[in-house]
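Pulled from Swiss-Prot:
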ACT_SITE  Ser204  active site
ACT_SITE  Asp403  active site
ACT_SITE  His469  active site
CARBOHYD  Asn88  N-linked glycosylation site
CARBOHYD  Asn263  N-linked glycosylation site
CARBOHYD  Asn393  N-linked glycosylation site
CARBOHYD  Asn417  N-linked glycosylation site
SIGNAL    1-18  signal peptide
Amino acid sequence: MRFTQIVAAALCLGATEAAVAPIDRARKVLGNQHAFDKRDASGDTAKAPKHLTSKNKKFYVDPNSIPGVPFDIGESYAGNLANTPAGNSSLFFWYFPSENPEAKNEITIWLNGGPGCSSMIGLLQENGPFLWQPGTDGPVKNPYAWSKLTNMVWVDQPAGTGFSPGPPTVKDEIDVANQFSDFWKNFMDTFDLHHSDVYLAGESYAGQYIPYIASGMLDRKDSEYFNVQGITIIDPSIGATEVIIDAPSVPALHRFNNIIDLNETFVNDITKKWESCGYKKFMDDALKFPPAGPMTVPGKSAGCDVWDEIIAAVKEVNPCFNIYHLRDNCPSPSNVMNGPKNFFNNKQIQEAIHAHPTDYRLCGESQIFGPHRNDRSVPSSYGPLASVIERTNNTIIAHGDLDFLLFTEGSLASIQNMTWGGLQGFQKEPSDKFYVPYKDGSEVGGAGFVGKTHRERGLTWVTVDLAGHEIPQYAPTAAYRMLEYMLGRVQSLTETH
């Protein structure tokens with residue numbers, strides 16, 4: 001190009017706009033501060049505890065004593081309470097009373113799954129008063145802490161999990177429910193919470209734990225200790241593995257292969273195998289509204305572990321693929337809960353929260369349910385879940401769409417094969433839009449239309465588009481809204497005002 005042409009081109013450009021660096025354009029729109037940088041890590045003036053008594057003082061946690069946390073975490077109590085009448089075993093808890101006046105006569109229990117995974121990860125990385133999440137450089141206050149709404153307790157259970165010393169003794173979910181109920185009675189006595197409304201929430205294998213625990217509590221017909229008013233189970237394990245993992249895995253692969261990026265030959269081959277294993281017919285039948293009738297679950301056959309084959313192929317393409325959040329790529333973010341030097345495997349922290357000295361692991365190798373980790377109880381959707389829905393009229397099953405271990409369609413298929421309130425499954429396909437209001441702080445959690453929701457006969461179904469396995473971690477505002485709904489603070493998940 002001649003010099004005169006270059007000058008002419010420059011003059012032409014100057015008539016419209018000068019060259020602008022793309023990063024300057026981005027800064028103008030987005031600002032210089034990452035949304036997560038807006039979260040508060042400043043110190044506070046400690047407040048006098050309002051709930052301290054002679055019965056619970058040994059569990060009181062100094063709010064400024066947690067190593068590495070540079071601010072007051074608020075009033076809390078932690079330690080172990082017996083989970084058997086004989087007192088020869090115990091469960092660890094961390095309890096945060098709420099300052100919300102509407103929480104006066106209620107308490108919500110949070111359980112993580114596994115089996116054998118500590119609920120402290122829920123506290124530290126999902127919905128606790130302070131968070132240290134993967135890829136972040138330190139603890140911050142959580143603007144969407146569930147303790148802002150209700151009295152919250154995170155519990156390591158069953159025995160042998162996290163800070164709850166073993167050996168594990170449970171063989172099935174009836175044992176789990178009995179063990180937890182014995183602990184719960186001690187907890188309610190210790191903190192004078194008698195006659196409180198009790199809510200249970202959790203994720204993953206807590207989809208097995210919680211319906212059995214709630215059912216066991218309701219069976220006792222004792223409102224002084226066990227006044228269960230509702231449950232929420234997130235990305236739950238509620239059905240046979242063929243239903244919640246294998247059958248929905250290939251449809252999910254087709255849906256998300258623009259992200260997962262497996263080649264056409266593999267996708268075609270695994271789809272043919274999925275069809276020959278009977279999974280296609282099952283899913284076609286399961287996702288009809290209303291369902292035509294009870295569905296036979298395909299049995300586990302040789303060569304039909306299609307999810308396993310998909311994951312093996314995905315790992316070749318993306319070595320850092322995260323089954324809990326399918327959009328993750330390399331490098332994997334650092335995580336303070338991983339490895340032997342994890343946050344809770346610290347003598348000073350263990351002393352601060354009155355935990356027994358423990359070589360703490362997030363998900364231990366303890367033999368929950370015996371040496372083969374074989375839970376003898378049937379999946380909760382075949383067992384007590386329907387009864388809990390009927391008896392509480394307040395059950396939420398929620399699913400993050402980006403989970404690639406337990407699939408949205410698998411949970412929905414389990415619901416469609418379950419009978420409650422005199423009918424099988426949902427009679428209408430879920431289609432209402434789940435709305436999260438815009439408010440201060442939503443820049444760190446999102447707002448607007450975030451998924452779908454549907455309610456029939458006491459069961460509310462919720463999906464969250466941009467969340468993985470742990471909805472409170474990936475979509476804290478959506479999780480907070482669901483909690484508001486379970487507690488009765490809002491009457492709808494679709495209202496836009």
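Keep in mind that glycine also has a Cβ here, set from the backbone N, Cα and C atoms.
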**Report entry** Secondary-structure category, per DSSP, in which Asp403 (active site) falls
**Finding:** coil
**Report entry** Pairwise CA distance, Asn88 (N-linked glycosylation site) versus Asn417 (N-linked glycosylation site), rounded so that it is a whole Å
**Finding:** 41
Query raised in the report: Restricting the comparison to the recorded positions Asn263, Asn393, Asp403, His469, which residue's C-alpha is spatially nearest the C-alpha of Ser204 (active site)?
Result: His469
Query raised in the report: Looking only at DSSP and grouping its letters into three states, which state does Ser204 (active site) belong to?
Result: strand
Report summary line: For His469 (active site), the closest of the recorded positions by C-alpha position, picking from Asn263, Asn393, Asp403, Asn417, is Asp403
Query raised in the report: What three-state class does DSSP give Asn393 (N-linked glycosylation site)?
Result: coil
**Report entry** Residue pair Asn393 (N-linked glycosylation site), Asn417 (N-linked glycosylation site) - Cα distance, angstrom, rounded
**Finding:** 19
Requested in this report: Would you count the other CB atoms within 10 A of the CB of His469 (active site), including those on all shown protein chains?
Outcome: 23
Query - Neighbour count (Cβ, 10 Å) for Asn88 (N-linked glycosylation site) - result: 10
Report summary line: Between the C-alpha atoms of Asn263 (N-linked glycosylation site) and Asn417 (N-linked glycosylation site), the distance in angstrom, to the nearest integer, is 33
Query raised in the report: Which one, from the recorded positions Ser204, Asn393, Asn417, has the smallest tally of other C-beta atoms lying within 10 Å of its C-beta?
Result: Asn393
Report task. Between Asn417 (N-linked glycosylation site) and Asp403 (active site), find the distance joining the two CA atoms and give it rounded to the nearest Å. Result -> 21
Report summary line: Cβ proximity for Asp403 (active site), under 8 A, sequence spacing 6+, ordered by residue number, returns Asp235, Ile323, Tyr324, His325, Leu326, Ala467, Gly468, His469
